[in-house]
Amino acid sequence: MANINENYLKLKAGYLFPEISKRVKTYSEKNPSAKIIRLGIGDVTLPIVPSVVDAMIAASKEMGTAGGFHGYGPEQGYSFLLKSIANNDYGSLGIKIDESEIFVSDGSKCDCGNIQEIFSTDAKIAVSDPVYPVYVDTNVMAGRTGEIGADGRYSNLIYMPATKENGFQPEIPKEKADIIYLCYPNNPTGTVTTKEALRAWVEYAKKNNSIILYDSAYEAFISEPGVPRSIYEVAGAKEVAIEFRSFSKTAGFTGLRCAYIVIPKELKGRTRGGEEVSINSLWSRRHTTKFNGVSYVTQKGAEACYSPQGKKEIQASIAYYMSNAAKIREGLKKAGYEVFGGVNAPYIWLKTSDNLSSWDFFDRLLDKAQVVGTPGSGFGPAGEGYFRLSAFGKKEDVEEAIARISFL
């Protein structure tokens, strides 16, 4: 009998979203006629835009010809997509990113979870609290976190509380962190950061030889001027930061699977002996060993997102979701809730009513309003007493959900 990786036994009892699904299923079985409105997990509801559909149809037909068939593609991504990403997502910001610094993948969740594999198992990890669970759980699996305490925190993790009192801006740790996870626009709080704050993080990383893992999956939802769209807007960030982007929420690719990670050539790590090593080269070795690449058809669809018509159609979808966010935000405010986010992100973070715990509030919404959201405590101890709602639902469902909640 083979021994197991016992670090998996240190994981919390259940991943957040399966637990939500379990509770909803139990309620549905007992109340089969109930119309449940789901504003929990951040899955999109609008269809893929026409420009992307047309591009994928054309690519599929191309694959059906002798001259246009594509088998295994380049693991890092086809040049046509790499070039579009570099020119549109970074060139438009005045940031120069080379094609060789971009790696196309099947999702930011995978990238955020897999990137830790190239770092030492004794690397000190810092995460905000609340936090996207994948950042923590993958490091638990790798054995970096130690044991979980009664307060829900792992003994070897550095937790950086993001609270109402500090404007949901995690404070730079006083101790040295090797790897720092940052997410802006933030999941779950829906808040954003400033260039000044990012500059301070870059300075900290340089001083401590740290690497920042910057999750920017919701960048396309930024609406206010002056809000940074990339950490590379800060001078020197290429020397200390990796950035994650995704087509999932931006272009509705949750069912198609396409994202990318940017690892600048300037970024270095160290061996135990002090030798500098290219992080780009390390990730390239890992990526090409474990991943065969995103399909040609999907990458042609992703490329179409950058066409003039594709951009127009995608912006319309984003506007639809952000209109939902405004409805949720304003509706909850009128109902007396304290709310955050929902301006530059598709998530609304609210304080639970009557000092209920996050899960008790979940049960109340499900039982009394048949509305499903996400308990804040599922994102970390500092999320206790808070709740996340997603703007990715259908307009009519969002309006009905807010009406139901308002009558509680």
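Cβ coordinates come from backbone N, Cα and C, glycine included.
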Among Tyr159, Tyr214, Tyr218 - the residue Swiss-Prot places in the same pyridoxal 5'-phosphate site as Tyr72, Ser108, Lys109, Tyr132, Asn187, Ser246, Phe247, Ser248, Arg257, Asn292: Tyr218
Secondary structure at Lys109 (substrate binding site), reduced by DSSP to three states: helix
Least buried by Cβ count (within 10 Å) of the binding-site residues Ser246, Ser248: Ser248
Gly42 (substrate binding site) and Lys249 (N6-(pyridoxal phosphate)lysine), Cα-Cα, nearest whole angstrom: 8
Tertiary neighbours of Asn292 (substrate binding site) (same chain, Cβ under 8 Å, six or more apart): Tyr72, Glu75
Distance from Lys109 (substrate binding site) back to Ser246 (pyridoxal 5'-phosphate binding site), taken between C-alpha atoms, in Å: 9
Recorded positions listed as Lys109, Lys249, Arg388, least Cβ neighbours within 10 Å: Lys109
Fewest other C-beta atoms within 10 angstroms, as judged across Tyr15, Tyr72, Tyr132, which are the binding-site residues: Tyr72
